[in-house]
Amino acid sequence: MASTTLSNFWLSQFNPLHNQRKKRPKSLLSSSRTNPRLVSSINDHLALTRVTYPLLQSHSTPKRRFHVGVQKDYSDGESSESLVSDATYQEEFSWSSIILPFLFPALGGLLFGYDIGATSGATISLQSPDLSGITWFNLSAIQLGLVVSGSLYGALLGSLLAYAIADFLGRKRQLIAAALLYIVGGVVTAYSPELGVLLAGRLLYGLGIGLAMHGAPLYIAETCPSQIRGTLVSLKELFIVLGILLGYFVGSFLIDTVGGWRFMYGFSAPVAVLMGLGMWTLPASPRWLLLRAVQGKGSFQDLKEKAIVSLSKLRGRPPGDRESERQIEDTLLSLKSAYGQQESEGNFLEVFQGPNLKAFIIGGGLVLFQQITGQPSVLYYAGPILQSAGFSAASDATKVSVVIGLFKLLMTWIAVLKVDDLGRRPLLIGGVSGIALSLVLLSAYYKFLGGFPLVAVGALLLYVGCYQISFGPISWLMVSEIFPLRTRGKGISLAVLTNFASNAVVTFAFSPLKEFLGAENLFLLFGAIAILSLLFVIFSVPETKGLSLEDIESKILK
């Protein structure tokens with residue numbers, strides 16, 4: 001149960017603002033100073049509103065490239081021919097320029113999910129008199145709980161650490177540090193000669209989780225094109241589910257091996273090495289470099305030139321190309337306009353003031369409701385529910401976990417495909433509505449529908465599916481894009497801390513609540529919380545689809 005509870009922590013948007021999409025959008029790194037009727041203006045060349053994935057044919061050359069399609073709305077009577085030839089711009093990418101800046105940060109999520117899945121099998125191996133390969137296998141409940149939740153405590157500390165050092169280190173170096181902690185934590189755990197060393201290894205690995213869960217969505221959101229930001233950040237959440245499944249499979253493969261728990265934990269180290277080396281080859285976030293320049297944290301011209309080179313590399317363009325230079329100039333103007341009259345660095349209280357507070361309420365509220373709508377509790381009953389419906393294999397907790405994990409994977413993939421098409425709010429509103437309905441059905445099953453087990457099975461799958469298209473990926477996506485650049489590092493670290501802390505509270509409160517309220521009333525309580533979270537989404541969460549990070553800051557948070 002403990003591992004299942006923790007796993008669901010890790011797995012963890014229709015608003016009047018949606019009409020803004022009908023207006024002419026700004027550039028990827030936007031500015032609003034150009035004349036909107038000049039087709040040759042910078043914004044006309046850089047504005048993006050829709051991504052198209054097929055390989056398109058260039059008008060002037062047969063070379064096949066990956067394109068992000070751009071369309072604009074005109075209402076001044078221009079001919080359709082002019083609209084197609086002059087008003088449509090396509091930003092070209094090489095495949096590696098899109099894949100690699102996503103893949104290596106996403107490995108941080110995969111390793112974080114892997115720890116959840118592997119711990120499920122490792123705790124069994126660790127307590128086996130015959131297969132543990134140690135003399136201290138007879139762990140008490142408290143000791144076993146510390147082994148299971150050690151990475152959670154480390155992640156809490158990692159979130160606090162990220163708050164203090166994230167803006168100083170930058171997104172790239174933060175992820176390299178996370179990879180190093182993953183490596184050290186995995187190796188120390190695998191070779192631990194006693195319980196104290198094992199717990200130290202779990203804590204170090206958790207520190208890596210805290211840094212990775214802060215840095216990965218931040219780096220991806222700041223470096224990818226705005227039109228595929230939702231897809232890529234949500235895809236990172238898919239990697240967490242993949243990691244959990246990988247941990248389950250590795251655990252089941254090594255469960256009969258003497259000292260198998262050592263190999264289960266040690267398997268993460270080579271993947272962390274790949275993550276660290278990959279992040280070393282990637283450029284720093286251009287937005288972070290420009291923020292440092294505006295804050296006076298180095299030579300302004302040097303940081304600006306580094307940002308241009310970084311953006312060129314991220315887009316697969318020649319170093320220092322004119323298009324990247326124009327985008328960087330636009331972003332610099334936005335930053336100077338927003339922060340030119342402020343202190344070079346924000347203080348602690350700034351996160352709780354003005355637009356920053358609004359961003360924290362949105363992001364922090366989402367990750368809080370993600371945890372307190374009861375997913376760990378629902379999945380605790382997955383085995384008994386499936387057994388009551390005649391699925392005999394449900395008596396095997398590992399098989400139940402794999403089946404639920406595969407279903408999570410499928411539903412998360414649906415969210416990945418639709419988040420930049422439908423938007424954040426529709427997925428959140430639809431998903432959270434389904435969560436509330438499923439919890440009411442589960443409460444009814446335990447109250448008076450006990451003779452209809454298929455109702456419980458349907459409610460269980462409805463809950464898992466709706467969670468994975470809403471709170472699971474969308475909460476982290478909104479957290480990665482809603483905070484202003486000036487306080488983004490600190491804001492995201494507070495949101496991650498809120499998530500980890502609320503998970504810890506739900507984890508420890510679950511057993512006494514279950515005993516005091518009973519299953520039927522517990523699900524009813526979570527259902528009421530889900531309805532509150534639905535109201536929060538409807539009235540407080542904006543639509544950010546198709547907006548650059550600068551647009552979100554200037555249009556939504558002002």
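Glycine too: its Cβ is placed from the backbone N, Cα and C atoms.
Since we're looking at a predicted model, the values are computed, not measured.
Annotation comment: TrEMBL describes 93-114, 134-163, 175-191, 203-221, 233-255, 261-282, 427-446, 452-479, 491-510, 522-541 as transmembrane segment. Among the features that TrEMBL reports, domain 'Major facilitator superfamily (MFS) profile' is placed at 101-545.
Contact between the transmembrane segment (175-191) and the transmembrane segment (93-114) is supported by 3 or more Cβ pairs under 8 Å, counting only residues 6 or more apart in sequence. Note on the transmembrane segment (233-255): residues 7, 10-12, 102, 105-107, 109-122, 124-125, 131, 216-217, 220-221, 263-264, 267, 398, 401-402, 405-406, 408-409, 412-413, 415-416, 419, 468, 472-474, 476-477, 480-481 of its chain, located 6 or more positions outside it, place their CB under 8 angstroms from a CB of the stretch. Stretch with the largest number of CB pairs closer than 8 A to the transmembrane segment (203-221), among 93-114, 261-282, 491-510: 93-114. For the transmembrane segment (491-510), the most Cβ-contacting stretch among 93-114, 134-163, 261-282, 452-479, 522-541 is 134-163 (pairs under 8 Å).
Among the stretches 93-114, 134-163, 522-541, the one making the largest number of Cβ pairs under 8 Å with the transmembrane segment (261-282) is 93-114. Sequence-distant contacts of the transmembrane segment (452-479) (same chain, six or more residues past either end, CB-CB distance under 8 Å): 11-13, 217, 221, 229-230, 233-234, 236-238, 241, 362-363, 366-367, 369-370, 373, 375, 378-379, 381-382, 385-386, 388-390, 404, 407-408, 411-412, 414-416, 418-419, 424, 427-428, 430-435, 437-439, 441-442, 444-445, 492, 495-496, 541, 544.
Under 8 Å from some Cβ of the transmembrane segment (522-541) lie the Cβ atoms of residues 13-15, 361-362, 365-366, 369, 372-374, 377-378, 424-425, 428-429, 432-433, 435-436, 439-440, 442-443, 446, 478, 513-514, all in the same chain and six or more residues away from its ends.
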